[in-house]
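These notes are about the structure you will find just below.
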Amino acid sequence: MEFAFNEEQEELREMVREFVEKEITPFAAEMDRNNAPMPDLFKKAGDMGLLNVIVPEEYGGPGLDSVTVAMIYEELGKGCAGIATSIAANSLASYPVLLKGTEEQKKTLCDLLNNGGLAAFALTEPGAGSDAGGVATKAVKDGDHYILNGNKIFITNGGLADTYLVFANTRKSGGIRGLTAFVVPRNTPGFSVGKKEDKMGIRPSNTCELILQDVVVPESARVGREGEGFRIAMNTLDSARPFVASVSVGLAQSALDIAAKYAKERRQFGQPIASFQMVQAMIADMAMKVETARLLVYKACWLRDQGKEFAKEAAMSKCYAGDVAMQVTIDAVQVMGGYGYSKEYPVEKKMRDAKIMQIYEGTNQIQRLVIANKILY
Ligand SMILES: Cc1cc2nc3c(=O)[nH]c(=O)nc-3n(C[C@H](O)[C@H](O)[C@H](O)COP(=O)(O)OP(=O)(O)OC[C@H]3O[C@@H](n4cnc5c(N)ncnc54)[C@H](O)[C@@H]3O)c2cc1C
């Protein structure tokens with residue numbers, strides 16, 4: 001069993017680390033205040049090759065394996081979990097097409113991502129969060145095209161994406177058996193972007209409502225068969241969960257690093273607070289949690305790369321790393337006392353950012369259901 005990255009991966013990690021330290025970390029607080037990314041950040045990320053990491057070589061991308069992708073997202077998560085979320089959403093939105101799309105769909109989407117485009121995965125609706133079967137957006141077949149009507153909410157990259165993977169229901173009666181996936185380019189008539197969310201955390205990540213009003217798409221925009229959308233969405237989420245988890249690991253590691261450095265510098269009672277055993281215990285517990293979360297993430301990715309069953313470990317990694325990110329960022333604030341609570345230091349933002357890791361791409365309650373189902377049935 002090999003626990004080290006190879007030379008090529010280490011070089012790539014160093015490049016991403018430099019990018020994060022130059023283009024993301026110094027602007028994280030400003031982006032948090034502005035509720036938006038720096039204007040040229042995604043252009044730079046695209047130039048660095050960070051927006052098409054899962055595009056296979058045969059479609060002009062780097063075709064990176066899951067372990068390497070997680071390694072990249074962990075580094076991005078250290079700088080800003082919001083930016084990491086937006087970048088990772090490109091992978092989330094691509095899986096449906098890579099899994100079940102036609103050659104034409106794959107080529108078109110991969111070309112877009114290879115050229116620095118952004119994509120969005122649009123499943124959630126006002127009445128359909130954990131329960132995807134509640135999707136009320138309708139897709140009505142009319143000759144050789146479909147007419148889509150409905151609303152999506154909380155869509156990452158919603159206001160910035162060039163193309164959208166939209167889940168709609170092709171059955172009048174609704175339910176998961178009618179769920180069907182469609183590719184909807186942004187400029188399609190009837191498609192518009194609604195309200196932008198004003199969020200607690202990951203504020204640099206764009207999260208918007210989408211409105212579909214008599215949106216006409218050709219039959220060739222359908223991904224997979226009618227009614228295959230639920231399976232496509234679940235397979236996509238399985239593949240993407242370790243990536244969310246890797247962002248959590250990066251986020252938690254960066255909070256730990258900041259807290260440990262602070263503990264060595266801050267003096268109380270005539271000595272560094274790092275010399276107090278209760279502070280040391282917090283630092284040790286944080287480090288253990290980050291390391292165990294990391295091991296779960298890379299195990300899930302490794303299983304996927306080996307072509308083995310990985311859904312249980314994917315859910316475990318997402319759930320555990322999300323809980324760890326929350327706890328470790330809370331403890332980082334605690335180690336830093338009042339300064340941790342102040343916006344002068346970056347850990348309060350990390351604590352706000354961490355909360356979403358337990359909510360999106362399936363809440364941690366839903367992950368626990370997935371894990372229990374895999375064990376019990
Ligand atoms: C910042 C952000 C970005 C997002 N990005 C995207 C995106 O890009 N694309 C997209 O499609 N969606 C996205 N989402 C939506 C996200 O995936 C959902 O918010 C999430 O799945 C939970 O759905 P909900 O908010 O409707 O909560 P609900 O489903 O209403 O859940 C509320 C509470 O009930 C619990 N609960 C629900 N059902 C059960 C159950 N069966 N057993 C036990 N507990 C249960 C939940 O765990 C939760 O605690 C995003 C959300 C946010 C906030």
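Each residue's number is its place along the chain shown, starting with 1.
Keep in mind that glycine also has a Cβ here, set from the backbone N, Cα and C atoms.
Some features that TrEMBL has for this protein:
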type: DOMAIN; residues: 6-109; note: domain 'Acyl-CoA dehydrogenase/oxidase N-terminal'
type: DOMAIN; residues: 120-215; note: domain 'Acyl-CoA oxidase/dehydrogenase middle'
type: DOMAIN; residues: 227-375; note: domain 'Acyl-CoA dehydrogenase/oxidase C-terminal'
(message) Mean pLDDT across the domain 'Acyl-CoA dehydrogenase/oxidase C-terminal' (227-375), rounded to an integer, is what?
(response) 98
(request) Go ahead and report the DSSP secondary structure tallies for the domain 'Acyl-CoA dehydrogenase/oxidase N-terminal' (6-109): helix first, then strand, then coil. (result) 79 helix, 0 strand, 25 coil
(request) Tell me the residue counts in helix, strand and coil for the domain 'Acyl-CoA oxidase/dehydrogenase middle' (120-215), as DSSP assigns them. (result) 6 helix, 51 strand, 39 coil
